[in-house]
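First up is the structure itself, then whatever we jot down about it.
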Amino acid sequence: MSQTLKKRGGNSSGRKSPTTSNIEFDDKKTEFDLNAIVPPKEPEYKYLAALTLVTLLAIYTRFTKLGTPNKVVFDEVHFGKFASYYLERTYFFDLHPPFAKLLIAFVGWLIGYDGKFKFEAIGDSYIENNVPYIAYRSLSAIQGAAIVPIMFLTMKTLGFSVAACLFSSIIVCFDNAQVTDSRLILLDATLILSVALTIFSYSKFSTFRKQSFSSKWWTWLLATGVSLSCVISTKYVGVFTYLTIGIAVIHELWILLDYRKGLTLQEFAKHFFARLWALIIVPFCIYLYWFYLHFAILTRSGPGDAFMSSEFQETLLESPLAAHSKPVQYFDQITIKHKDTGAFLHSHQHEYPLRYEDGRISSNGQQVTCVVQENAANDPNNQWEIVPTSEGANKGTKVYTNDIVRFRHVGTGGYLLTHDVASPLKPTNEEFTVVYDDVAQQRYNETLFRLRLHVPGSNPKKEKNKKEIKTLATDLRILHVDTVVAMWTHNDELLPEWAFNQQEVSGNKKIPDKDNIWNFDLITNLQSTDPRNQYVPKKVKTLPFLRKWWELQMLMFHHNNQLSSEHPFATQPGEWPLALSGVSFYNDNTEKKQIFFIGNIIGFWLEVCFLSIYIGILLADQITRRRNVHVLSDRARSRLYNTLGFLFVGWAAHYLPFFLMNRQKFLHHYLPAHLVAALFSGGLVEFICSNNSARPNGKPVGVNKYKIIAVVAACSTAIIWFFFYFRPLTYGDVYLTPEEVKARQWLDIKLHYGK
């Protein structure tokens, strides 16, 4: 021990402790300390041979049986359908940005597919419907196969040995979850490839840290930015990749800011703004471009219309809204439709119970609810007459936004009112009811409502524009003048049987809420002789691109945040690193075949072991150094904290934020973190198999080739064995007996046909 460890209190060699204060900086060099890049350790031909091997293996695992099954599998129902909508140019709405979906549609366009098949249900036949599904799946397979050699090149760029490069590549090449997701018409192959390209590009950029602003320096910095834009333009979990690179960039800039680097503030500013331009501005412009292309292609009315504002819908060809909207006039009898739930404002001659089950007291007034029903316009209980409140407003006078009106219920003759009485289901909201005759006159101010125009992105309290109101085409907030609440309904909880399980209507104090939007759907008393019945072709309107983008962006965020309900396939982040359970993607009841989405459990568990070992090494190093005992050499510590630290942060940034999210979470969300953990695992194996001693101990400096080959061979053999053992569940091409199915129900895996 005395020969290998530097003891407390003594430093007979006169060598200084390798503390931060003793680090020497080269003047005017942009040395980036986060990735302690070193040259490759072995001859180039060995890297080339190993790279060729893993590339061929990746192609084999991704392209084998690509046409099996020849039916719709899992989320192909969504992303195949979106490709068809692009090909037909019909507008649709989705939570994810357009980039990866545009790539899928581009494949269909290249081969001349018309998009007639709509991928309605899992199990629908591709063969019977003449769908070019193998071409679609080939896009994912190409991307999935490309991930593996890019990982290898990343490890090589970071200075790791051939064995370490091979091990990282094998973990992903033979991971069942990665293979499954890169063989189907899904977005994940694009996402993970973009993550891999980002880390590779940034690693390459770091190798040119001493050649600031050279062409290669700019090339790889911009390549990092473009890759980041591809990540964030595929799925919004790409923000975690931004977090990874952001932490590295902040660390790098912090080093450059040190006066010992010798940079002037002007030179530091050049570094700062170069990164701002390449990593934020350029990616954001590319991100916007995909939305521009999205809008340019989707010019026809489609299933996504209902999500968008009326103004947006009027920009689409063949929009029923543009064709059938009519100006609304006073004394028109209309139906009022809630935009979010599609329910109609309704009332009937039944009262709220005087006392609710929780003991609260109601007004015992006439119920006001919302209903979803066909031919809603034919029911007088869904019809409301718009009564003016200003002098001079007669029959035929147009209704404008910001007008103050009253609503008379056609079915019962009373007036809509809300007041300071708690609603049945939401005690913080106000109850809506209907009052009659003298009471309506006495409480006149409580029957007044302002029709406030909804403009996406604007503050509804400040929206003062007066605009002609049209059926279908004008989105409104209906604001109570007296108590300043917005009329609101919801369908997450329905009223009890005393209200026929209809939707509650209440006054919402949070006026800006996006759920407060209504429109006048249909004029029910429009006479055949009314000039408004004469069809006049309407010109398709235009909206500025940024206005359309902002509206869609806010809707995507809003609906993404609404994904908080339970899902049968949802899992918790704590289960992911150990692949405790998976998801049934497809099952064929006739041939008893199935596809089950699960990671390579051996590979996943090995990654967790290596991550845990790393944390243990860090703790041991910090504790021993507090006692002035230096076990690791300076070079080993640089490797431990810089290169491996960067990859560890990358894993944590792609994984830990999911614990803070309230939305639905699935195992496939872990795949980017799994990719980074695979890179990390190869690096840590090399670290463990190297001589990292701070003092000469007679052992060769560097990697122990025999040790690393033995470790990599043993771990890789186990990973590859598991991959082929679970292969029938990955490809869905082999029948398993019930006994064979049961034998594969590891951990919490639940498979079909085990009986």
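Every residue, even glycine, has its Cβ placed from backbone N, Cα and C.
Residues or ranges marked as compositional bias 'Polar residues' in Swiss-Prot: 13-23.
Swiss-Prot lists 325-389 with the feature domain 'MIR 1', giving sequence analysis as the kind of evidence.
Residues annotated as domain 'MIR 2' in Swiss-Prot, with sequence analysis given as evidence: 396-454.
Residues annotated as domain 'MIR 3' in Swiss-Prot: 466-523.
Feature annotation from Swiss-Prot assigns N-linked glycosylation site to N11 (among others); the stated evidence is sequence analysis.
Taken from Swiss-Prot, the feature N-linked glycosylation site covers N445 (among others). In the shown protein chains, 11 other C-beta atoms lie within 10 A of the C-beta of N445 (N-linked glycosylation site).
Reduced to three states, the DSSP call for N691 (N-linked glycosylation site) is strand. Swiss-Prot lists N691 (among others) with the feature N-linked glycosylation site, giving sequence analysis as the kind of evidence.
Marked as region 'Disordered' by Swiss-Prot: 1-23.
Residues or ranges marked as transmembrane segment by Swiss-Prot on the basis of sequence analysis: 92-112 (among others).
The transmembrane segment feature in Swiss-Prot is assigned to 147-167 (among others); the stated evidence is sequence analysis.
Through the fold, the transmembrane segment (185-205) approaches residues 35, 37, 74-76, 79-80, 83, 96, 99-101, 103-104, 133, 136-137, 139-141, 143-144, 146-147, 150-151, 153-154, 157-158, 178, 217, 220-221, 223-224, 226-228, 230-231, 234-235, 237-238, 241, 244-245, 248, 650, 654, 668, 671-672, 675-676, 679 of its own chain, all at least 6 residues removed from its boundaries and within a Cβ separation under 8 Å. The feature transmembrane segment is assigned by Swiss-Prot to 185-205 (among others).
Per Swiss-Prot, transmembrane segment is recorded for 212-232 (among others).
Taken from Swiss-Prot, the feature transmembrane segment covers 237-257 (among others), and the record attributes it to sequence analysis.
Residues or ranges marked as transmembrane segment in Swiss-Prot (evidence: sequence analysis): 278-298 (among others).
Away from its own ends, the transmembrane segment (595-615) comes close to residues 69, 73-74, 171, 174-178, 180-181, 577-579, 581-587, 644, 648, 651, 667-668, 670, 674, 677-678, 680-681, 684-685, 688, 715, 718-719, 721-723, 726, 729-732, 746-747, 749, 751 of its chain (Cβ-Cβ under 8 Å, at least six residues beyond either end). As annotated by Swiss-Prot, transmembrane segment applies to 595-615 (among others), with the evidence given as sequence analysis.
As annotated by Swiss-Prot, transmembrane segment applies to 640-660 (among others), with the evidence given as sequence analysis.
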Other CB atoms within 10 A, centred on N691 (N-linked glycosylation site): 15
Distance, N691 (N-linked glycosylation site) to N445 (N-linked glycosylation site) (CA atoms, angstrom): 84
DSSP-assigned states of the domain 'MIR 2' (396-454) in counts, ordered helix, strand, coil: 10 helix, 27 strand, 22 coil
Stretch among 92-112, 670-690, 706-726 sharing the most Cβ pairs under 8 Å with the transmembrane segment (147-167): 670-690
Other parts of the chain folded back onto the transmembrane segment (670-690), taken as Cβ under 8 Å at six or more residues beyond its ends: 147, 151, 154-155, 158, 160-161, 163-169, 171-172, 175, 177-178, 181, 188, 191-192, 195-196, 199, 237, 240-241, 244, 573, 576-577, 599, 603-604, 606-607, 610-611, 613-614, 636, 639-640, 643-644, 647-648, 650-651, 654-655, 658, 702-704, 707-708, 711-712, 715
Counts of helix, strand and coil residues, the domain 'MIR 3' (466-523), according to DSSP: 6 helix, 24 strand, 28 coil
